[in-house]
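According to Swiss-Prot, the protein carries these features:
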BINDING   Asp22, Asp24, Asn26, His28, Glu33  Ca(2+) 1 binding site
BINDING   Asp62, Asn64, Asp66, Lys68, Glu73  Ca(2+) 2 binding site
DOMAIN    9-44  domain 'EF-hand 1'
DOMAIN    49-84  domain 'EF-hand 2'
DOMAIN    118-234  domain 'Calponin-homology (CH) 1'
DOMAIN    262-373  domain 'Calponin-homology (CH) 2'
DOMAIN    392-501  domain 'Calponin-homology (CH) 3'
DOMAIN    513-621  domain 'Calponin-homology (CH) 4'
REGION    118-373  region 'Actin-binding 1'
REGION    392-621  region 'Actin-binding 2'
Amino acid sequence: MAAAQISAEEMEELREAFTKVDVDGNGHISTDELNALFKAANLPLPGYRVREIIQEISRTMDLNQDGKITFDEFAKVVHDLKSSEVAKTFRKAINKKEGICSVAGTSEQSGTQHSYSEEEKVAFVNWVNKALEKDPDCQHVLPMDPSTDDLFTAVGDGIVLCKMINLSVPDTIDERTINKKKLTPFTIQENLNLALNSASAIGCHVVNIGAEDLKEGRQHLVLGLLWQVIKIGLFADIEISRNEALIALLRDGESLEDLVKLSPEELLLRWANYHLEEAGCPKINNFSSDIKDSKAYYNILNQVAPKRDEEGIPAIPIDISGIREKDDLKRAECMLEQADRLGCRQFVTATDVVRGNPKLNLAYVANLFNKYPALKKPENQDIDWSSIEGETREERTFRNWMNSLGVNPRVNHLYVDLADALVIFQLYEKIKVPVDWDKVNKPPYPKLGSNMKKLENCNYAVELGKKEAKFSLVGIAGQDLNEGNRTLTLALLWQLMRRYTLNILEDLGDGQKIIDETIVQWVNETLTQAGKGTISGFKDGSISSSMPVLDLIDAIQPGSIRYDLLKAEDLTDEKKLNNAKYAISMARKIGARVYALPEDLVEVKPKMVMTVFACLMARGMRRI
């Protein structure tokens, strides 16, 4: 893998550049995206030269000639060709996209430039303005003016970010923990800690973003984080266990399992094509070049608009006469006027449609789907409904943890997306277990024998776990990972997460070996010094009330816990959950990156309880 020869700092730059070109975020760069990049960059080059450069980039980067450039291919070639004319032109294009504002970086290296998309800023500002327009706690910064830099100052106190996180994943942050009045630099810092650690807990990749970056309104970091939060909210219901009507998208000869494997982006594309097919119109392959003429959008709007066939829902007729408009921009504007009648004009301008901005068009379609899916759950199909299971809390915690570390591709379905072990290898690297990437088969896999390639990866992943990581993997074989055996996959993931957590403590404690007893001892010493009660271990029944966790937070940061908000006696499950929500949010607020959920405390789940105390111990040790 390219990682072996490239410094961490350069790797981060390459990752940022890749993300800028891979605008639909699907983990690879297509020719469409290269064309869009050079068109938007507006470089002073004749058209034939741009075409030659794109061909050269495709030829040299697409190492296996499958029409897709993966991050590994991208990193290797950009690194190897650093001084070539093609690579220089490519980098220039990345930095000069029209509608992309370049901002001098703050690192010591001269010449560091970061950029952000003006179109994205406008889209996100309008979305946040609408989402929070009635929230009394945000009136001091809303509405923001999309034509200015309002957004970058508005996020500076953390309140807007906390609110947006709660809109995307309700109940992530306990409102009682957000500092809202008479803000000081210290209480602002707490809000930003709370926002960042909560974003991490819902699966945002925030490893390189600090509270200071948000306070100072670093544009590319603010937009990057906000997009992740918005996208998680938009995609929340594009998932079969939460929306069984999606089964209408099953094609002939497909099983339910085939549909479950699709990512939210793939499901959205299939949904769009389902409605286009119903309308007797040509299908689309993407939300960039194929939607530029707005015709597909017109037909989808016409299909999903209410027709007065459901009781109590008034019809909203769509005027599609604008589809005959000769000018692309005018046609797009007419189409958006019709979308506005459905209350679905968000995220794109007519220009964004005509330019085929993949990220904003994806958001536009996701929002349309959420409001008007226009799908009916099939009545007579022979479907095993019991096989549609939503993910458990434990599975969601592991998935969010992995995604917060920036694994690529993003994990949407725990077992399906680990079947080739690529994500597991990345997690091994995060816990300092060396991976020989020459032994790893990388996608795209051949049509014939693809599962054998994935199985070889899984066998190597288990071998690494046993020999290098010294994990207890008795009875676990590569086949179990490849086939998505729940119990055995979770056993490996737990050991990865545990080692990751303990490594943080060992790094803070000069490499001293940390075991469960070390954490319990530290917790009890800290509680005793603060005059508070102790615990017997991670199964202690008192943890169900969350009081030991709250007491520890108050011992680490004296005076931080408002005990008047808590219930300590006659505890019902509801009161316990209320305490636990407050405890988890307070842990994040004082700077602990906690992934566990409130229910884990109420039910005293020892594994997740251990991670809560370990993260608090890491936060406590940082005071020294």
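Glycine is no exception: its Cβ is also placed from the backbone N, Cα and C atoms.
Between the domain 'Calponin-homology (CH) 1' (118-234) and the stretches 262-373, 392-501, 513-621, the greatest number of Cβ pairs separated by less than 8 Å involves 513-621. Across the structure, Lys68 (Ca(2+) 2 binding site) and His28 (Ca(2+) 1 binding site) place their CA atoms 6 angstrom apart.
If you compare Cα positions, Glu73 (Ca(2+) 2 binding site) sits closest to His28 out of the binding-site residues Asp22, Asn26, His28. Listed in sequence order, Asp22, Lys68, Ile69, Thr70, Phe71 are the same-chain residues at least 6 apart in sequence whose CB falls under 8 Å from the CB of His28 (Ca(2+) 1 binding site). Within the same chain, residues at least 6 positions away in sequence whose Cβ sits under 8 Å from that of Asn26 (Ca(2+) 1 binding site) are Ser263, Glu265, Pro409.
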